[in-house]
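Under the heading transmembrane segment, TrEMBL lists 21-44, 56-76, 88-110, 122-141, 153-175, 181-199, 236-257, 269-287, 299-317, 329-349, 361-381, 401-422.
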């Protein structure tokens with residue numbers, strides 16, 4: 001089993017030279033689960049961050065997505081490897097800030113400047129991550145042998161999922177056994193180590209020929225046309241934007257609310273996150289083969305039903321003042337199921353509504369617009385939910401949080417009626433788009449669609465001589 005997932009010269013000589021790429025996925029999961037996941041939200045709350053500051057920090061990975069399009073213009077000049085390594089090296093530096101903040105808070109107590117410092121470090125982490133992310137998928141497609149790509153991405157998903165679950169479980173244990181800032185210090189140490197090791201793994205991968213020059217003028221000229229001209233693409237684009245606006249704020253504000261409202265421990269909240277991640281994995285396993293048989297629409301509708309059920313539970317949970325704590329476990333698992341159902345269906349349906357001649361740009365437009373507009377939602381809701389407790393500390397306005405889930409229910413019902421009208425040709429199913437192990441990050445999966453390099457063209461071409469791995473990379 002292990003030899004099939006981590007190829008060796010004996011078990012899979014064709015894929016073995018690209019083993020560093022699989023290790024990259026493993027170590028990178030250790031970083032993002034902490035650096036821009038729920039541990040970051042809990043850290044911000046411990047530093048006294050308001051709901052607005054939490055919404056800002058969580059939104060950066062989304063609202064910076066348009067920079068990813070601009071960053072693809074660097075690829076023809078510097079190549080995939082240099083752009084990716086540069087972005088990943090720079091983002092690692094900003095993980096030092098949370099490490100320092102954890103030490104300072106444990107030693108001297110929480111200071112008013114600490115929460116803004118954490119939010120600022122997350123911004124720059126996401127900024128440089130966005131630059132590097134412009135290169136990763138086209139780079140892998142350029143260097144992997146065509147017949148080995150399916151095996152590579154299957155192994156990548158499993159290994160990254162394993163690392164993601166392991167990181168979450170480690171966070172649960174650390175929060176349960178150690179003082180909060182000591183636990184956060186170790187967690188961010190893990191994230192920093194993962195970032196360094198993922199960088200070193202990338203260095204061992206071979207480079208690929210630089211892509212052809214990419215004209216950004218065409219991007220600015222054609223993007224408004226795709227966004228507003230009547231078409232199936234426009235219809236689905238704005239439906240996806242509506243989904244992003246409704247769903248994106250849910251994970252960060254749930255974690256924040258459970259900490260400042262019912263005052264659950266960080267370990268309990270991270271335990272819920274494990275269940276959400278388990279829901280994502282379960283949905284991915286269930287839908288993967290069935291979507292080609294039944295089409296995307298049934299799974300869109302399944303996602304909508306799950307979101308209504310989850311939102312209704314949280315509305316009741318707040319209304320009844322936290323007397324339904326046992327249901328939180330089911331609600332988190334259901335949230336993971338719903339998010340993954342939508343994401344996988346989105347990848348399948350989007351492939352049906354894009355034009356062959358403008359495939360890369362249309363995919364990039366859908367990813368960037370969806371992520372960017374959806375990323376504004378946590379900021380706006382952070383402003384609306386901002387409140388103070390009796391001691392003057394940050395809190396969430398419970399009444400407004402109920403309103404939020406009411407809006408989610410209404411929004412999902414409207415989206416469901418629109419999804420039911422989506423035209424779909426089930427007799428000629430399209431090949432789903434591929435985003436690698438990002439399928440396990442469904443709430444920000446749209447960001448991995450943003451690239452002006454057409455992966456389909458790379459699929460047709462075998463790796464060139466520049467992509468041959470050196471002996472040192474084996």
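Yeah, the Cβs are placed from backbone N, Cα and C, and that goes for glycine too.
Predicted automatically and left uncurated, TrEMBL annotations should be read as such.
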Result, the transmembrane segment (122-141) in contact with the transmembrane segment (329-349) (3+ CB pairs under 8 Å): no
Contact between the transmembrane segment (153-175) and the transmembrane segment (181-199) (3 or more Cβ pairs under 8 Å, separation 6+): yes
Distant-in-sequence neighbours of the transmembrane segment (269-287), which means Cβ under 8 A and at least six residues beyond its ends: 37-39, 42, 157, 161, 164-165, 168-169, 171-172, 175, 251, 255, 258-259, 299, 328-329, 332-341, 344-345, 439-440, 442
Contact ranking winner - 56-76, 88-110, 122-141, 299-317, 361-381 against the transmembrane segment (236-257), Cβ under 8 Å: 361-381
Tertiary contacts of the transmembrane segment (88-110) (same chain, 6+ residues out, Cβ under 8 Å): 31, 35, 40, 43, 46-48, 117-118, 120-122, 124-129, 131-132, 179, 181-182, 184-185, 188-189, 191-192, 195-196, 198-199, 202
Of 21-44, 56-76, 122-141, whichever stretch has the most CB pairs under 8 A to the transmembrane segment (361-381): 56-76
Non-local residues, at least 6 beyond the ends, that sit with Cβ under 8 Å of the transmembrane segment (56-76): 36, 40-41, 44, 49, 83, 87, 118-119, 122-123, 126-127, 129-131, 133-135, 138, 210-214, 216, 219, 244, 248-249, 251-252, 364, 367-368, 371-372, 374-379, 382, 444, 446-447, 450-453
Cβ contacts under 8 Å made by the transmembrane segment (21-44) with residues that lie 6+ beyond its boundaries: 5-7, 53-54, 57-58, 60-61, 95, 98, 101-102, 115, 118-119, 122, 125-126, 140, 152, 155-156, 159-164, 167-168, 171, 184, 187-188, 190-195, 197-198, 201-202, 205, 251-252, 255-256, 259, 266, 269-270, 273, 436-437, 440-441
